[in-house]
Amino acid sequence: YITIFHALQYQRLVTPRRAAVVLLIIWACCIGSGITIVTFSHHVPAVIAFTALFPLMLVFILCLYGHMFLLARSHARRVSTLPRANMKGAITLTVLLGVFIFCWAPFVLHILLMTLCPADPYCACYLALFQVNAVLIMCNAIIDPFIYAFRSQ
């Protein structure tokens, strides 16, 4: 985000200390939300709130990536660089979004089914896949840095 919106000030804005602070805040939020989800996973309002957060996160990510893509495209037009570089960024954002949906959607569906139909035999088959869904979420956290590393110069 900073690379696209504040490219000329990137070196001044992203210092090792600021990067460490941001990473600590992100990890604290992730640990806090994870503990909250595990602690209140059997309360229906908490599950509904969690499942409602998934589409909200998806919309937020789509808007943020769309905004970054449009700004990158306008910069490319002004500088008149090759459109190929612009397409690489669009493909990277599409891959990131696809991986996010692929990894998180099964878990959100699992939580929703666990709340709405815990005793239904049709749901029980899918509910048996909890570990697979949890592994997919962890894979998302592992895959994203690789996507950024291999797709970005």
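Glycine is treated like the rest: Cβ placed from N, Cα and C.
TrEMBL labels come from automatic prediction, so no person has curated them.
What TrEMBL records for this protein:
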type	residues	note
DOMAIN	1-148	domain 'G-protein coupled receptors family 1 profile'
TRANSMEM	20-40	transmembrane segment
TRANSMEM	46-70	transmembrane segment
TRANSMEM	91-114	transmembrane segment
TRANSMEM	126-150	transmembrane segment
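Remote same-chain residues near the transmembrane segment (91-114) are listed as 41, 47, 50-51, 54, 58, 61-62, 65, 68-69, 123, 126-127, 129-130, 132-134, 136-137, 139-140, 143-144, 147-148, 151-152 (criterion: CB distance under 8 Å, separation of at least six residues from the stretch ends). When pLDDT is averaged over the domain 'G-protein coupled receptors family 1 profile' (1-148), the result is 80.
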